[in-house]
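*Asks:* So Swiss-Prot lists the following for this protein:
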- 1-59: domain 'Ferritin-like diiron' (DOMAIN)
Amino acid sequence: EAALHLEKGLNQALVDLHALGSARADPHLCDFLENHFLDEEVKLIKKMGDHLTNLRRLSGPQAGLGEYLFERLTLKHD
């Protein structure tokens, strides 16, 4: 959860920087941020959120088994 929170904070900082670039009419900065950072951040945040949701679903009486299956079936494919 902490890692997801950090990624969301980083994404917000990049969005703020993009807004500043737009306000200052700097298309090169905006293009650079869009192509190299913003799209990837959104994908990463989505993936982390999905993994976190799956881990929450797997927690329960047999949390150890759920975590094992999560690692085996999900993280090995990334």
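Glycine is treated like the rest: Cβ placed from N, Cα and C.
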*Asks:* For a three-state summary based on DSSP, what are the helix, strand and coil counts in the domain 'Ferritin-like diiron' (1-59)?
*Replies:* 54 helix, 0 strand, 5 coil
*Asks:* Looking only at the domain 'Ferritin-like diiron' (1-59), report the model's average pLDDT.
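*Replies:* A mean pLDDT of 93 is what the model gives the domain 'Ferritin-like diiron' (1-59).
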